[in-house]
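Noted in Swiss-Prot for the protein shown:
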BINDING   SER110, LEU111, LEU112, PRO113  (6S)-5,6,7,8-tetrahydrofolate binding site
REGION    289-309  region 'Disordered'
COMPBIAS  298-309  compositional bias 'Basic and acidic residues'
Amino acid sequence: MRLVFAGTPEPAVPSLRALIESANHEVAAVVTRPDAPAGRGRKLMRSPVGALADEHGIEVLTPAKASDPEFLARLRELEPECCPVVAYGALLRQTALDIPEHGWVNLHFSLLPAWRGAAPVQAAIKHGDQITGASTFRLVPELDAGPVYGVVTEEVRDTDTSGVLLERLSVSGAKLLVATLDGIADGTLRAEEQPADGVSYAPKVEVEDARVDFTAPARAVDRLVRSVTPDPGAWASFRDERLKLGPVSIVDEDLGLAPGEIRVERRRVLAGTGSAPVALGEVQAQGKKRMAATDWARGSRIEQGERLK
């Protein structure tokens, strides 16, 4: 099929690459978010999807809004049969959805109808899901509510961060997306409506959502930290400054630590929770580089009874 692909961040790159390499499809153009400042110099940078398209000489469209008349006119001129979309990052209105013959097919990183929204991988880890996956579905105006073409499942490992899990899903999801488009093209695949039961939502994770509540049980602390690693990154307040926290380890010992109370040992730094303590891995104080918690603790001269809040 003749395709126009929409996507922006790194997790969308495997899907675009797989479609470029597919013998059954032609990527006529790519739609991505406008170039944005990045890096220390804050220079305007092409999105990862846009950069891959440039490498292959594919036309790149960067509308400020997907409802821009000029963009819609160019999309009609391209005459796509289908528009696959992976983490594009902008709202697509009905005027755009109606253009391709086979609609827009979205790759979403959850087993729909679970975790509709911007942060499905983070939600799966935070809530302790043992199995998650990816779904392909036809876009409709309602958020992630369209009929589903196919799914692929993925185990959530005890050590998975959202970054690690999303990387795996982006690879397996790319294969699912190609298979879905193959099935649409040859007429062998039909979408099925999502069930009314089991709907849940995963809104965008804000910085305040990533603050660790040490009154929660250790397992909840562990899951929260992993769910927001690497973005936006877990944190707590220490001496009235923000301290970023990397993944922690649950310690199966009763040390009598109050929630957030820090205990510095020779080889580890512990913090109390609502249940068992956790051992801190890497931390990053404001204006400092990321470092082992033991190095941070030695430099901070932590006094008995000090806490992470």
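Each residue, glycine too, has its Cβ placed from N, Cα and C.
Of the binding-site residues LEU111, LEU112, LEU112 has the largest number of other Cβ atoms within 10 Å of its own Cβ.
Listed in sequence order, the residues of the same chain lying 6 or more apart from PRO113 ((6S)-5,6,7,8-tetrahydrofolate binding site) and placing their CB within less than 8 Å of its CB are ASP144, ALA145, GLN194, PRO195, ASP197, GLY198, VAL199, SER200. In sequence order, HIS108, ALA114, TRP115, ARG116, PRO120, GLY133, SER135, ASP144, VAL148, VAL151, GLN194, GLY198 are the same-chain residues whose CB sits within 8 A of the CB centroid of SER110, LEU111, LEU112, PRO113, the residues recorded for (6S)-5,6,7,8-tetrahydrofolate being left out.
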